[in-house]
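Asker: Below is the structure I would like to discuss, written out as structure tokens.
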Amino acid sequence: MSVLGEYERHCDSINSDFGSESGGCGDSSPGPSASQGPRAGGGTAEQEELHYIPIRVLGRGAFGEATLYRRTEDDSLVVWKEVDLTRLSEKERRDALNEIVILALLQHDNIIAYYNHFMDNTTLLIELEYCNGGNLYDKILRQKDKLFEEEMVVWYLFQIVSAVSCIHKAGILHRDIKTLNIFLTKANLIKLGDYGLAKKLNSEYSMAETLVGTPYYMSPELCQGVKYNFKSDIWAVGCVIFELLTLKRTFDATNPLNLCVKIVQGIRAMEVDSSQYSLELIQMVHSCLDQDPEQRPTADELLDRPLLRKRRREMEEKVTLLNAPTKRPRSNTVTEAPIAVVTSRTSEVYVWGGGKSTPQKLDVIKSGCSARQVCAGNTHFAVVTVEKELYTWVNMQGGTKLHGQLGHGDKASYRQPKHVEKLQGKAIHQVSCGDDFTVCVTDEGQLYAFGSDYYGCMGVDKVAGPEVLEPMQLNFFLSNPVEQVSCGDNHVVVLTRNKEVYSWGCGEYGRLGLDSEEDYYTPQKVDVPKALIIVAVQCGYDGTFLLTQSGKVLACGLNEFNKLGLNQCMSGIINHEAYHEVPYTTSFTLAKQLSFYKIRTIAPGKTHTAAIDERGRLLTFGCNKCGQLGVGNYKKRLGINLLGGPLGGKQVIRVSCGDEFTIAATDDNHIFAWGNGGNGRLAMTPTERPHGSDICTSWPRPIFGSLHHVPDLSCRGWHTILIVEKVLNSKTIRSNSSGLSIGTVFQSSSPGGGGGGGSGEEEDSQQESETLDPSGGFRGTMEADRGMEGLISPTEAMGNSNGASSSCPGWLRKELENAEFIPMPDSPSPLSAAFSESEKDTLPYEELQGFKVASEAPLEHKPQVGAWVGMHSKGTQTAKEEMEMDPKPDLDSDSWCLLGTDSCRPSL
């Protein structure tokens, strides 16, 4: 299929989502209606539910707002562009539709990804990719007169030109390329967005005429009011790169007229510093800013320039790598109609322990800056927010000396969460805390460490000194991205994306799994049987666990109290059982006692361990001195314990073990605690505390009051930190094929325009009949029925209901059949509109009788009745429809005065 055909297919598909009044891009004929029925051979597929949680409003405009959402299926962030269609003009509504069509057509790593669109009443919702690094305009402002390095400018130039090349190959003219519409991720990945003004051209030589775009980036041909084509976008690219080189606008003036004069005459605000940048780069920018459009290069010609060609493959691979963590398949507009479930929740972070028995809420980490992952260390806490930022602070009492584990560039004891500014611009994926150090992983799989390097946990062979006060990157993993990191008190283990395991730090008791007890100051590869696929690593105080894809557990390190689950049951000849104890192991060994279960989560503590199997059952093993195994007593336990009691019949979704205590969360939104309650470890309030300060409970006990969902939980030492969420409300947006056109939504929401039928929100009490639309979506038939209401008389309506189940008495049916027909203008149907056009004029009785006879005609003749009604109302209704159906000229409401013309459009 040609690019033009592909465009038209997408355009028609989107139009069918909104109804047929807007018409297709390639065909002006109405699109298929809902009443056409399902496609031949097609069945009604079950609609997919997509769940979203609103985070915060990113910005507001005249006609809507942009809101950040978290999609729970893959924990990704997306932006919903919410457009209030009732406040838009016809042209603005077509621009909104046009943006969906363009985005649905384009797929490129440097273009904002379109995922879906929905209709919620009269609000159009466009789901787009979220760029967490802001836009290029703000990036330039943050430079504060410090010029970019040429390597960075070339990197940006390559990505921008690659995106422009993609849209031009699709025959699309962007028409609004500017620094505000070029977005960035925290990994400096460029994303070109905002396609509301984009236009489809049929060929390379096609010309557009309308005046659109941002004045500072307008080409000379736009200023002069002549036709323009793809070369106008190249001019805008030149302006953007010029700004990167000078940190100033290419053309600047105090008013639009002077600005146009300077653009046409080529009077730039300043020149590029030739001592800072290569002549080749400067010449490339100047070629984009050539006054003659024919002399400007195409996007493909720019990519073929030596400056970009020699590094093209390298930069393409880099773009692919940086885009991989956030790239996900998007819904096929034609064949899928997902349901969006939007759930508003409060999200809060609580901490307790270390002498604080009452859970303390953190005001810094809350809705709008909510947490996605938490981690506790012996001396500090760390939180990763939903926007991939890292916060750290101390959790200890007294004046314990710090070693830089907070990463703020000093040894100060910050008592409140503080953003690690040295990681600004890095999207943090996960963090793990050791005793006095911290290690985190970015979305790109790069590792950063800070804190004490006494045991070599920084992984740089101690070349950075005994203490690292701010995040330092481990170059070891530059070419081998990391998927997950876990820290013990004095060692580190990571899992790479290639499913390789590396460990370093303190090697006592063989906790590194390197078949020795030596300390290692740089990452060492761990030998794992090739038949096993490792999916997670987890470090304990002095041991390490590996979790395989099949749910098996491997462990190494100190096995005191059987906390690694390595002791084996031996059956004797005289029918008695004995346990073979394994004091420690220096290489990863299969935990055979756990082989009876398929483990999906494992949580080691200082003296015991907890695990969750695939059925949500909780298993515990290790020391039970304080009842931390949750078995209802304090007796020594040799094997694996499957917990029942208060947890019986519940599915455990989160568990973490501290120093002699355990905290767990269940799927029914309860939080349980058991074990040693001293120093506030079990969040017991003074009224709950019995006699004695060190209290223990051996049964899981509900804590934390009302019901809360726990997305993440971490315990270490005496401390606990967790995220709790409560659902405020939830609504369902049925699908992206609501059966409403943009024009219809606008009309139905206007005064006197008839209500109902526009809501995309699903109500429990509302049952709508649905048919499968040819475009692939589900479409309610209520509008089609509503459109026929005025053409069906009460007599026929009653006649149609004469089935076996009719409860209408015969005498009443006869009375109704012989009754005089008087139309009532209660519904917003064509008929009611016809009769309500004038309060003074009514139809003669004879015409009413004629209409009654016509309405009783067979169904295939009904359109003639509709035409008859239209004859009576053509003075108003037909004119109104023609006005709405006829597209307006593609002109902005605020037009510029063009040089050399008296009009904003050239005469044809």
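In case you wondered, yes, glycine gets a Cβ from its N, Cα and C as well.
Note that the coordinates shown come from a computational prediction; the quantities given were computed from them, not determined experimentally.
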Asker: May I ask you to indicate which of 600-632, 831-863, 864-896 is given in TrEMBL as region 'Disordered'?
Answerer: 864-896
Asker: Could you give me three numbers for the repeat 'RCC1' (551-615), the DSSP helix, strand and coil residue counts?
Answerer: 8 helix, 33 strand, 24 coil
Asker: Which numbers of helix, strand and coil residues does DSSP report for the repeat 'RCC1' (445-498)?
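Answerer: Final tally across the stretch: 3 helix, 25 strand, 26 coil.
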Asker: Can you tell me the mean pLDDT for the repeat 'RCC1' (669-726)?
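Answerer: Mean per-residue confidence for the repeat 'RCC1' (669-726): 86 out of 100.
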